[in-house]
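The annotation active site, proton donor is assigned in TrEMBL to H553. The feature active site, proton acceptor is assigned by TrEMBL to H597. According to TrEMBL, the feature FAD binding site maps to V290. Residues or ranges marked as domain 'Glucose-methanol-choline oxidoreductase N-terminal' in TrEMBL: 330-344. The transmembrane segment annotation in TrEMBL covers 12-38.
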Amino acid sequence: MTIRSDRSLEPFNVYIAVVGLAWACNYAQKMLIAWLLLGLAGDCFAKIYEDVSELPGLDYDFVIVGAGAAGSVVANRLTENPNFSVLVLEAGVSNEGVIDSIVPFFLENLIAQNIYEWNYTTTPQVGLNNRSIPYSRAYMLGGCTSHNGMIYTRGSAEDYNRWADVTSDPGWSWDSLLPYFFKNEKWTPPADNHDTRGEFNPAVHSTHGINSVSLSGSRWPIFENQVIQTTREFPEEFPFNLDYNSGEPLGVGWLQSTIGGGKRSSSATSYLGPKFIQRPNLHVLLHAQVSRLLGPQTTKGVVTFGGVEFSQGGSLFTAKATKEIILSAGSIGTPVILLNSGVGGKNALTALGITSVLDLPSVGQNATDQPATIAAWSVNSTQTLDPIKQNATLFNEAYAQWNASHTGPFTNFGITHIAWTRLNANSPIFENVTDPAAGPKTPHIEILVGTGGSGAEQTGNFISFTMVMLTPTSRGSITLQSNNPFDPPLIDPGLLVTDFDLFTTRESIKRAYRLIEAPVWKDYTIAPTVNLLNMSTDALDEFIRNNSSPAAHMVSTAAMSAKDASYGVVNPDLLVKGASGLRIIDASIIPFIPSAHTQAATYVVAERGADLIKQRWT
Ligand SMILES: Cc1cc2nc3c(=O)[nH]c(=O)nc-3n(C[C@H](O)[C@H](O)[C@H](O)COP(=O)(O)OP(=O)(O)OC[C@H]3O[C@@H](n4cnc5c(N)ncnc54)[C@H](O)[C@@H]3O)c2cc1C
Ligand SMILES: *[C@@H]1O[C@H](CO)[C@@H](O)[C@H](O)[C@H]1NC(C)=O
Ligand SMILES: *[C@@H]1O[C@H](CO)[C@@H](O)[C@H](O)[C@H]1NC(C)=O
Ligand SMILES: *[C@@H]1O[C@H](CO)[C@@H](O)[C@H](O)[C@H]1NC(C)=O
Ligand SMILES: *[C@@H]1O[C@H](CO)[C@@H](O)[C@H](O)[C@H]1NC(C)=O
Ligand SMILES: *[C@@H]1O[C@H](CO)[C@@H](O)[C@H](O)[C@H]1NC(C)=O
Ligand SMILES: *[C@@H]1O[C@H](CO)[C@@H](O)[C@H](O)[C@H]1NC(C)=O
Ligand SMILES: *[C@@H]1O[C@H](CO)[C@@H](O)[C@H](O)[C@H]1NC(C)=O
Ligand SMILES: *[C@@H]1O[C@H](CO)[C@@H](O)[C@H](O)[C@H]1NC(C)=O
Ligand SMILES: *[C@@H]1O[C@H](CO)[C@@H](O)[C@H](O)[C@H]1NC(C)=O
Ligand SMILES: *[C@@H]1O[C@H](CO)[C@@H](O)[C@H](O)[C@H]1NC(C)=O
């Protein structure tokens with residue numbers, strides 16, 4: 001990319017623009033004056049801008065970097081107040097009409113290298129036999145919620161109570177956050193409208209939030225019965241749990257997903273949906289990659305930045321925030337922007353030729369992700385997802401059904417339940433390692449159970465279990481390889497570096513095989529596709545290192561800590577330590593990974609974060 005000179009857009013002919021639009025849109029006179037005073041052109045149509053020259057100006061009250069899970073929430077909530085003007089800068093492309101992002105079944109199409117991806121690769125992972133592997137991050141409106149697995153899991157109450165403990169802010173406890181989970185969640189009937197009694201607990205859900213969550217919209221009755229029968233045959237190890245999102249996840253419960261009406265519900269389709277994007281005080285600019293924060297000024301040891309530099313079409317621009325800059329670029333994007341702005345460990349930045357502005361050695365450190373492995377079995381049942389993948393006629397039938405009514409097998413991708421389980425209290429690993437789980441009601445292991453093989457098989461019927469190691473003790477990092485803000489960063493999720501993580505992954509595989517030992521599976525399963533149970537420990541470890549992948553749940557790279565802590569990047573109010581007017585609201589601030597997939601946790605961080613901003617400015 002060639003970088004031309006910095007330039008700021010002049011607010012062009014604001015008066016004419018506002019008068020014209022206000023007239024056309026029939027705005028009240030009062031609004032017209034308000035917009036004139038704000039120096040903003042209102043627009044009566046949905047406003048997602050593709051080109052910076054279409055923006056009326058680059059001065060706003062708030063500039064939000066990144067329109068992923070968190071950024072979209074913050075943009076939505078701040079613009080509830082018509083007095084606030086908000087600009088969202090998103091590097092990626094539009095999600096509009098992207099069929100792979102709409103049809104739940106097409107999820108897999110989005111995870112490979114494609115135009116909706118940052119296409120990141122990790123550093124060689126010592127814990128993975130030195131493999132460098134893809135690290136998925138979405139490059140599109142909605143961020144990773146536009147291409148993630150849609151699995152909706154909050155984690156344990158203990159997970160959030162630990163956040164409250166380590167930050168000394170009771171506002172981060174489960175009880176305090178529950179209203180924010182409810183602001184986020186819009187519990188929705190499943191696509192097939194089946195009777196959902198006995199499959200969830202309505203008391204722990206909300207129907208008045210913004211992002212749709214539902215039970216599966218198509219059934220796999222034979223397989224589902226296998227799983228439910230297991231909870232009866234092995235009630236000690238795998239008890240039925242009516243609702244794992246109650247704060248007490250242990251046991252086996254029905255899958256809940258961020259799907260509504262048979263379609264993916266992302267932060268783009270929900271928080272930036274038609275109802276909200278028309279707000280005249282909300283401007284979203286695509287293809288705008290932020291490189292750094294500009295113009296640092298230090299007064300009494302506190303740094304304030306003058307603007308946000310971003311690139312579009314080979315030119316650099318500067319957006320200004322009179323109230324706050326909010327970084328919501330995610331666990332990779334956010335530390336990268338901070339480091340490029342001179343906010344990070346002083347020595348490492350100086351070595352790269354970046355002037356240190358704020359010495360915060362925790363930026364990019366403590367990266368935490370959960371390793372996942374897969375086990376599959378061939379089965380004595382034709383009722384699995386495989387025929388749809390193997391037979392074009394069936395595929396087209398399912399596609400036609402989805403096209404016609406947003407129902408049928410394309411409304412999910414085969415996972416029916418989740419089993420959450422703990423290591424035994426007397427497990428030998430605890431001789432040497434303090435239990436990293438947040439408490440005794442917090443799982444170490446998740447087993448996602450579903451029908452269907454890998455998709456590579458030409459024939460046959462399969463079931464697959466994905467085991468996620470939820471409570472890793474390994475840590476990685478996000479660092480820079482150069483002082484060019486457009487170079488990809490060095491991404492080290494630090495997977496499976498510790499004995500505990502390897503031990504627990506091994507144990508997660510044993511638990512998956514144990515589940516299938518329930519008598520009900522006897523005539524159902526035929527054989528494992530790879531027999532992991534008869535391997536020596538060394539062979540199993542090698543299998544794990546060769547085959548594990550990151551769950552793509554990275555957190556903690558700009559972690560929140562207590563106000564007086566000697567480490568951390570943001571205070572419990574999410575303001576950057578040592579800075580003013582700069583907040584971070586995304587998964588990077590999460591101080592300990594929840595025992596869960598991370599979108600619900602990120603949404604709740606964003607809902608509370610937006611409230612903290614509103615409290616500050618109103
Ligand atoms: C493949 C995959 C599957 C997943 N499956 C699940 C799941 O099933 N359930 C679940 O709960 N969680 C899942 N997750 C995790 C979940 O989606 C993330 O934890 C969540 O989206 C994090 O939200 P965020 O706002 O922090 O970041 P993101 O959602 O990643 O949003 C960050 C946004 O910032 C933009 N951005 C980054 N850098 C810049 C820059 N320099 N300038 C401008 N814009 C920038 C990005 O393009 C992106 O749109 C999955 C993640 C992946 C990748
Ligand atoms: C917006 O500003 C006006 C004028 O200052 C004030 O009366 C009103 O309460 C504000 N609205 C909100 C939602 O803060
Ligand atoms: C990711 O790779 C695809 C395919 O090679 C490419 O088209 C796309 O532009 C890349 N994404 C980014 C952000 O560079
Ligand atoms: C992985 O790389 C490290 C450092 O380069 C090396 O010491 C180690 O032997 C390698 N491990 C394997 C399994 O190749
Ligand atoms: C990483 O997090 C731990 C708390 O879990 C903290 O003690 C440590 O200081 C952090 N390290 C950095 C570099 O921030
Ligand atoms: C594919 O499915 C159709 C419809 O059920 C069936 O008629 C056809 O025989 C199947 N094809 C193969 C190769 O199994
Ligand atoms: C379904 O709709 C999509 C997009 O409109 C189209 O590409 C596809 O061919 C349709 N498929 C079927 C089987 O109707
Ligand atoms: C605990 O650590 C000791 C000393 O390093 C080691 O000998 C032992 O095998 C470890 N126990 C387990 C269960 O890993
Ligand atoms: C498949 O299931 C049927 C009964 O449903 C049983 O008779 C048969 O033995 C099973 N086959 C295998 C390979 O388990
Ligand atoms: C493990 O089981 C598989 C069949 O599932 C077999 O091929 C393999 O030889 C067995 N390995 C050992 C070490 O017994
Ligand atoms: C693991 O990967 C290495 C390097 O690719 C290979 O030599 C080895 O056979 C693999 N082991 C297993 C158990 O797959």
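Any Cβ shown, glycine's included, is placed from N, Cα and C.
Features as recorded by TrEMBL, highlighted on the structure.
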residue : record                       : Cβ neighbours (10 Å)
V290    : FAD binding site             : 26
H553    : active site, proton donor    : 26
H597    : active site, proton acceptor : 26
Task = List the Cα distance (Å, whole number) between H553 (active site, proton donor) and the residue listed as 'active site, proton acceptor'.
result = 7
Task = Using DSSP, tally how many residues of the domain 'Glucose-methanol-choline oxidoreductase N-terminal' (330-344) sit in helix, strand and coil.
result = 11 helix, 2 strand, 2 coil
Remark   = Students should find that the Cα atoms of the residue listed as 'active site, proton acceptor' and V290 (FAD binding site) sit apart, in Å rounded to an integer, by 27
Remark   = For the domain 'Glucose-methanol-choline oxidoreductase N-terminal' (330-344), the averaged pLDDT of the predicted model is 98
In three-state DSSP terms, the structure that V290 (FAD binding site) belongs to = strand
